[in-house]
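> Can you keep this structure in mind? I'll have questions shortly.
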Amino acid sequence: MTAEFIKPVIWEGDAIRLLNQQKLPGEVEYIFLKTIEDVWDSISELKVRGAPAIGIAAAYGLALWAKKGGSDDLQVLKTELAEKAAYLNSSRPTAVNLSWALQRLLKIADQEVSTEKVITRLEAEAILIQQEDEETCRRIGEYGFSLLPEHATVLTHCNTGAIATSKYGTALGAFYIAKEQGADVSVFATETRPVLQGARLTAWELQQAGVDVTLITDNMAAHVLRTKKIDAILVGADRITANGDTANKIGTYGLAILAKAHGIPFYVAAPLSTIDLNTATGDEIVIEERHADEITHLAGKRIAPEGINVFNPAFDVTPHELISGIITEKGIVSGDYQTGLAELFEPAHI
Ligand SMILES: CSC[C@H]1O[C@H](OP(=O)(O)O)[C@H](O)[C@@H]1O
């Protein structure tokens, strides 16, 4: 099974079968999530990660809870659902897909007039979110591929592949479409300290798919941009605000500055579910800070002195001025992001 078709989240009706991404690349292990707490833990511990995949997992987590533990009283159930959605939403703060998916389910529940219908609709909507994301990611991949010159060499950061979404991925989707079209594309993947999504996940996904991929450490990016012919940098996103500012994996902002310094395009690939028009600018995005162990330990071995101060932001914000284009399933937005992003949500585009 090549990686672009490996599913990170599989709905089993009474449980969620989850690809445990913490075990990759050494082990392709699936675990069963049977409770909403299992889902919370899996998101928080990055067993499932990647903005769209987090949203899909949380949607199934809410549907699973309702199916197993929801009240028989409609008003009580709706109150409980809001509380459970808030609980799941507390697992990670930055990727807007988490709250987007949960709000979408709560809206569906609010329309129903029986507990049975609420429970049925929640499950159906969670399944629909995952199904829609497959076509969404394919289109993002097609638009991303359309931006690449022949024999393109692209640098990417973190993991934005099939295992971060429902299928194909976002930025990596461009490489899968290139492969499908028989086009020649080479990828430089940064290892992406401290959780190593690039080394552990992107290198693995692209290698499995037969895409030419070279792994580099994060601190090699500038040298690679100066000494190799890099045509573009293509990354994902966790939250894009109304003006186009973009939160993505820590290190992305530095790559955007490097792209500008080297005069190459810097693209962000993301679905509309990652665009948050309710947040005006990147200054308002909550940046997740994670546990010090991610930095002081490597593969379980301590690499820094006991008691050392640690700062471990999992994301940074790239100002829209540094972004050449935002690639979505509805097309590519550039220039005036405030207008362009808002237009994506107008009826003509939906
Ligand atoms: C399509 S994945 C988007 C985004 O999510 C990743 O973060 P994490 O691995 O911490 O969930 C990374 O920022 C990707 O670019």
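Glycine is treated like the rest: Cβ placed from N, Cα and C.
OK, TrEMBL features for this one:
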- Arg49, Gly50, Ala51, Arg92, Gln197, Asn248, Lys249: substrate binding site (BINDING)
- Cys158: site 'Transition state stabilizer' (SITE)
- Asp238: active site, proton donor (ACT_SITE)
> Can you tell me which of these recorded positions sit near ligand 1, meaning the Cβ is under 6 Å from at least one of its atoms: Arg49, Gly50, Arg92, Cys158, Gln197?
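What lies within reach of ligand 1, judged by Cβ under 6 Å, is Arg49, Gly50, Cys158, Gln197.
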> Taking the Cα atoms as reference points, how far is the residue listed as 'active site, proton donor' from Arg92 (substrate binding site) in Å?
11
> Please work out the number of neighbouring Cβ atoms within 10 Å of the Cβ of Arg92 (substrate binding site), leaving out its own Cβ.
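Excluding its own Cβ, the number within 10 Å is 22.
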> Work out how many Å separate Arg92 (substrate binding site) and Cys158 (site 'Transition state stabilizer') at their Cα atoms, rounded off.
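If we compare the Cα positions of Arg92 (substrate binding site) and Cys158 (site 'Transition state stabilizer'), the gap is 17 Å.
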> Check Gln197 (substrate binding site) against DSSP and tell me helix, strand or coil, would you?
helix
> Do me a favour and check the Cα-Cα span between Arg49 (substrate binding site) and Cys158 (site 'Transition state stabilizer'); whole Å is fine.
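Cα to Cα, Arg49 (substrate binding site) and Cys158 (site 'Transition state stabilizer') are separated by 11 Å.
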> Across the listed substrate-binding residues, Arg49, Gly50, Ala51, Arg92, Gln197, Asn248, Lys249, what is the farthest Cα to Cα distance, given in whole Å?
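The two farthest binding residues have Cα atoms 17 Å apart.
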